[in-house]
Amino acid sequence: MVKLALRSAAIAVTAAAVSISLAACGSSGPASSAGNADSATMWGLTGGNQPVLQKSIDAWNKAHPDEAVKLDFFANDAYKTKVRTAVGAGQGPTFVYGWGGGVLKSYVDAGQVADLSDFVASNPDVKNRYLPSVLKNGVIDGKTYALPNNNVQPVVLYYNKEVFDKIGAQAPKTWDELMALVPKFKAAGIAPFSLGGQSKWPDLMWLEYLVERIGGPDVFANIAANKPGAWSDPAVKEALSKIQNLVDAGGFANGFSSIAADSNADQALLYTGKAAMILQGGWIYQSMKKDAADFVKNGKLGYVTFPAVSGGKGDPANVVGNPSNFWSISSKATDSQKKAALDYVKSGMFTDADTQALIDSGAVPVTTGIESKLAASPDKDFLSYVYGMAKNAPSFTLSWDQALSPAQGDAMLANLDQIFLKKISPDQFVSTMNATIGK
Amino acid sequence: MSTSTGSSRRVLEKGPSGWLAAPALVFFLLFAIIPLFGVLFLSFTKWDGLGEIKLDGLSSWTTVLTDPVTGNALWVTAKIMFFSFIVQAPLSLLLGVFTSASQKYRAALAVLYFVPLLLSSAAVAIAYKALLDPNFGLGPGLGLPFLAQDWLGNSDLVLFVVVFVIAWQFVPFHTLIYQGGVRQIPASLYEAAQIDGAGRVQQFFAITLPQLKYTIITSSTLMVVGSLAYFDLVFVLTGGGPGYSTRLLPLHMYLTGFKANDMGAASALGVILVVIGLALALLLQRLGGKNRNASQLEGA
């Protein structure tokens, strides 16, 4: 018995040692081959743009071994928690990946990210490479704190052309047409809309677009400006009622509230023909191009802008979504880390190779003068569509959960989830959200 | 000779030296007591995790105590605690008694049966999430319509699904505790009962169950206090949803702290969690009776 216990103890110790050494391998990873303790550090997101960023950093590190950047990747939701905790504890990366908006403002208020205004002013090349409408999302109180680092990501209404042909339908141009399609698809045994409800943020795309179409961009601008009672705008209530009508009509796929968008299960419903449409960000084109190559290549994927609402004040060309992702530079980084980071921002990112790699992955870089490159891409239809959508939009509203403060954003997503589940009424939503203004 | 016997008897009477507990106490102080006071302090502050920590009086406490979501989280926690106890306790007791016998087939079954114990909660949750998917999971995959429920998206159903998955993961652990407990019962008791003509069922109620009293208390304490800590499994499986239907207290604390970035309120929730956990543990220990630390073994 004693012998056995000793042996299992030895096995346990060995197992622990193995797992520790494995963990050590994991944390060093492929990216740390370059760099030393004082290298600039960068945290990126897994998925869509991961290979593009990895290639860009690899090329930079090869050409600038003295200013090497150490790169690690994290999953979206996990990253958002980790980076904030790390920055708060003084362990954050040199490059802080972000979305702009209220979350960026909370970093600025806490003095955690560097003011890049002087850098932008003295490097007109950097400033001029961006679409101005995108660049301004990194500006807070007239100062630049974040620079766009990848592609424009408007929210698009995607549809499966095959199932539309099957029931002889056209993509909806108005909300009434959209509602009329619901019973037709249901009768054919196809879910009208896929939705990653467990992740909550896909729910938000519906509210953003409906409020935009009904009341125009001012409604949310007032909310973001923390005006008292801003959620009471009638457009918000009407949008919430329309969402609940669509839920009542059976508009969303069976079990939508247990479908997670992070595992791309919501897109799978679309390309497998189980759902006819999905309202999602421009970035899912990249993953569908990978996961359902034939579906995309054979032109079965359709896309339109969000339908107009009759009597609505908003321009149907207005767009919501993410103008881009951004790099901020940590104000706590050492001078050499900051220098390396700014040098990379100046001449390492959006190189011709980077821009081409983004386009090849099915994304639209936020830089100017890329029309001819987009036209040469096999994905030119979608890319030109997205580029035009972003460039010609009279208003491009940043995703609300990023535009608001984290406390407001979290309350909004939780309550919107309740709206989709029909646990609360639009009136309850409005009064709860009014109470969060200024928090 | 006589002196050494005397001193060793004294040692036995007094128990082992208190210094043996020193390393454990140091770690307990460093990683439990000091952080506990840190959390207590944070609950009286306002902090978004990034900027300055500002003293803010009782505002976090009033926020937490007046928030209906907190009450709901407590209610969900109580429900999960109750149902997982009701499901797990009898199952693990019976399985523990069953697997304690020495036949080969039972040993083989037991080994198979302990497999869930080896999996991490995150892996269990991911696997179940895939199996229970209403569109791509087990039901549609096997063409069994009754399995194609919206297990994790139906607010009325999801709590029981969570209880089931928790039981699947933790029953083997408690079975192991009971198995050990049953094997400690002296065989002479059963032999005497057999001579007196007691049947298997009678033996179970007259000998096994009373002899397992302390094992039952230990296992129940772990079950009940442990259910205050279910986090990883539920976080990955449902994220607290749909709505608030599986937002347990620890999950509510995490989401308040790290999603809404309200560390003050999250700390207040943490303090509440500690108080409830301690109260439950004390209560269950009381049930064990006064001489709970005395050995049950014959002759000791």
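Cβ from N, Cα, C; glycine included.
Going by TrEMBL, these are the annotated features:
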{"type": "DOMAIN", "residues": "B:74-284", "note": "domain 'ABC transmembrane type-1'"}
{"type": "TRANSMEM", "residues": "B:20-44", "note": "transmembrane segment"}
{"type": "TRANSMEM", "residues": "B:73-98", "note": "transmembrane segment"}
{"type": "TRANSMEM", "residues": "B:110-131", "note": "transmembrane segment"}
{"type": "TRANSMEM", "residues": "B:151-171", "note": "transmembrane segment"}
{"type": "TRANSMEM", "residues": "B:222-244", "note": "transmembrane segment"}
{"type": "TRANSMEM", "residues": "B:264-284", "note": "transmembrane segment"}
Considering the transmembrane segment (B:222-244), which listed stretch of B:20-44, B:73-98, B:110-131, B:151-171, B:264-284 counts the most C-beta pairs under 8 Å:
B:151-171
Which listed range (B:73-98, B:110-131, B:151-171, B:264-284) shows the maximal number of Cβ pairs under 8 Å with respect to the transmembrane segment (B:20-44)?
B:264-284
Which bits of the chain, at least 6 residues beyond where the transmembrane segment (B:73-98) starts or stops, bring a Cβ under 8 A of a Cβ in it?
106, 113, 159-160, 162-164, 166-167, 170-171, 173-179, 181-182, 204, 208, 212, 216, 219-220, 223-224, 227-228, 230, 244-249, 251-252
Outside the transmembrane segment (B:151-171), six or more residues from its ends: residues with CB under 8 Å to it:
76, 79-80, 83-84, 87-88, 91-92, 95, 116-117, 119, 121, 124-125, 128-129, 132, 134, 223, 226-227, 230, 233-234, 237-238, 241-243, 245-246
Same-chain Cβ contacts of the transmembrane segment (B:110-131) under 8 Å, 6 or more residues past its ends?
95, 99, 137-138, 152, 165, 168-169, 171-173, 175-176, 179, 232-237
